[in-house]
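Quick look at what TrEMBL annotates:
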- Thr166: active site, nucleophile (ACT_SITE)
- Arg194, Val195, Gly196, Asp197, Thr217, Gly218, His219, Gly220: substrate binding site (BINDING)
Amino acid sequence: MKPVIVVHGGAGRIFKEREEGSRSGVRRAALRGYRILKCGGNALDAVEEAVAVMEDDPHFNAGCGSVLNEKGEVEMDAILMDGKNLASGAVSAVKCIANPIKLARLVMEKTDHMLLTDQGAFAFARAMGFPEVPGEKLITTRSLERWKKNLEADSNPQEFQKDLGTVGAVAIDSAGNVACATSTGGLTNKLVGRVGDTACIGSGGYADNSVGATSTTGHGESIMKVVLARLVLYHMEQGKSPEDAADIALDCMKTRVGGLGGVIVISRSGDWAARFSTKQMAWATVKDDLLQCGVYAGERHKESAEEALSTMGS
């Protein structure tokens, strides 16, 4: 099996001045994950590393670029899943953690549970010797400005929710195993303790070697209502291609609950899709040593992954 990776940097609206940063961010994440796959690494390691790259990139609403809750704090959710045995780990409402996706991996491998939240997740992280960072280190100037703007009497919170950037990755390795990973800072000015779709298995992501893997992005409450990630795989089980399955599931979410979003999908045979019902979604993929990426519908930049890797550095 030839390895393939697909990543997304969030569906919604991407302001002009942030487009190029979003493109280069997903491109870099896809290449980092592909390098692992190309060296014989497994899909789970590849998606974890790809998502961690985007958590470290302030262009995205995850890790150090996360939006702020009503109290001006960063609270993050993350999940990853192994298609080989359906093992999964997730964290929700976590603070003072730079890479929630890596903590989710520890939940999967070091506990008998699948999801730890808030103080319990933080206590577990501390017990594992997981690195902590001061909460203010995760707050960007942009996130702080958005938070303050939403506190104004004449603000329109819905307008600010459009420019979000949940991140995710799906991959298949040379052994034919699939995996998914998703991470987010959630909604701007959300209630303290709000948990969206990302940390919920079947909504924020799902991976099963017998079908494929998917990671979702968009309006979390809508995604949860239709269990979007699992819905995409259901349609693939019915014989639909990744692209058709994604479109049908997104259309269902829009028609049934009025929600918009995006998904990246990979099948057990290595076919992939990146589809969205929003105006934009930053995405990138590497297959057969060809790197492709885009932000707008129909946009597809192509280049040699080998050449891109040689110029990427460590």
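The backbone N, Cα and C atoms fix where each Cβ goes, and this holds for glycine too.
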Which same-chain residues, if any, lie at least 6 apart from Thr217 (substrate binding site) yet have Cβ under 8 Å of it: His8, Gly10, Ala11, Gly12, Thr166, Val167, Gly168, Thr182, Thr184, Gly261, Gly262, Val263, Phe276, Met281
Just checking a number: largest C-alpha distance across Arg194, Val195, Gly196, Asp197, Thr217, Gly218, His219, Gly220 for the substrate site, rounded to a whole Å. 16
Number of Cβ atoms other than its own within 10 Å, given for Gly218 (substrate binding site): 27
For Gly220 (substrate binding site), the number of other Cβ atoms found within 10 Å of its own Cβ: 28
Look at the binding-site residues Arg194, His219 and tell me which residue has the greatest number of other C-beta atoms within 10 angstroms of its C-beta. His219
Within the same chain, the residues at least 6 apart in sequence whose Cβ is under 8 angstroms from that of Asp197 (substrate binding site) are Ser203, Gly204, Thr216, Gly220, Glu221, Ile223, Met224, Leu228
Recorded positions (Thr166, Val195, Gly196), the one with most neighbouring Cβ atoms at 10 Å: Thr166
